[in-house]
Amino acid sequence: MAFQELCCSNLLKFENCSLLETHKKISIEGNISAGKSTLINILSDNGYNVVQEPLEQWRGNNLLDKLYKDPSRWAYTFQSHAFWTRTKTYIDALNKNKGNIILERSVFSDKYIFATALHDIGYIDDTEWNIYNEYSKWMTEFMDIKIDGIIYLKTSPDICYKRMLNRARHEENTVKIDYLNLLHDKHEKWLSENNEHEFKVPVLEINGDGDFIDDSNRQSSILSNIYDFISELYI
């Protein structure tokens, strides 16, 4: 579907969509291999409406693989595509679900974490960065994309790196620990240091270093904290 068609077809839905006012949108943020997908699956098993990253769309065009193999060529293209597909995923989720929605990352981490990091490194040049900022800001405002809270799965870069190697996605073969350190610093600046950007939302920080797959007590504690966090968003 073309961009104009997506905007027009969803604008009328947004005008009467009570989800935007009565239900909460929460994103799970964290580094590569922080444990987000695992947490998303646990939440899904416990009855939450969850929305996973559109990873297969990125793989379908081989963009994720191209990004890691030749970032100076593909960084801007990938981040533009990621922002677009995540926007569509967000809109589809609002139209399909009648309750709180938990997203695996958001358009905001696309911008404040990944696109910013790639610009800092120099893989996205200043011209591309200005274009990215202009259209991402416009699209976010036009589509009224909002999140009401963030669950920050804070996992140390060393642990993330070990998990990344263990899961052995071929696209990530060239990812170095230095890049994970940079992404960790970006998350800390965004989520742990007073959320300095243009929107401020409550943040629940969860330590992602430990085991919450086989440790049932820890899993129960995390689920309880998330339940309380979402409940407090309504107060």
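Cβ from N, Cα, C; glycine included.
Per Swiss-Prot, ATP binding site is recorded for Gly30, Asn31, Ile32, Ser33, Ala34, Gly35, Lys36, Ser37, Thr38. Cβ-based neighbour count (10 Å, all protein chains) for Lys36 (ATP binding site) stands at 22.
The C-beta environment of Tyr68 (substrate binding site), restricted to residues of the same chain at least 6 apart in sequence and closer than 8 Å, consists of Glu171, Glu172, Asn173, Thr174, Val175. The DSSP secondary structure for Tyr68 (substrate binding site) is helix. Per Swiss-Prot, substrate binding site is recorded for Glu53, Tyr68, Gln79, Arg105, Asp110, Glu172, and the stated evidence type is similarity to another entry.
As annotated by Swiss-Prot, active site, proton acceptor applies to Glu104, with the evidence given as sequence analysis. There are 23 other Cβ atoms within 10 Å of the Cβ belonging to Glu104 (active site, proton acceptor).
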Of Glu53, Gln79, Glu104, Arg105, Asp110, i.e. the recorded positions, those within 10 Å of Gly30 (ATP binding site) when Cα atoms are compared: Glu104, Arg105
The one of Ile32, Ala34 whose CB sees the fewest other CB atoms within 10 Å, among these binding-site residues: Ile32
C-alpha spacing of Glu104 (active site, proton acceptor) relative to Asp110 (substrate binding site), in angstrom: 11
Rounded distance in angstrom between the Cα atoms of Ile32 (ATP binding site) and Arg105 (substrate binding site): 11
Assigned element (helix, strand, coil) containing Glu172 (substrate binding site), judged by DSSP: helix
Integer Å distance between the CA atoms belonging to Ala34 (ATP binding site) and Glu53 (substrate binding site): 14
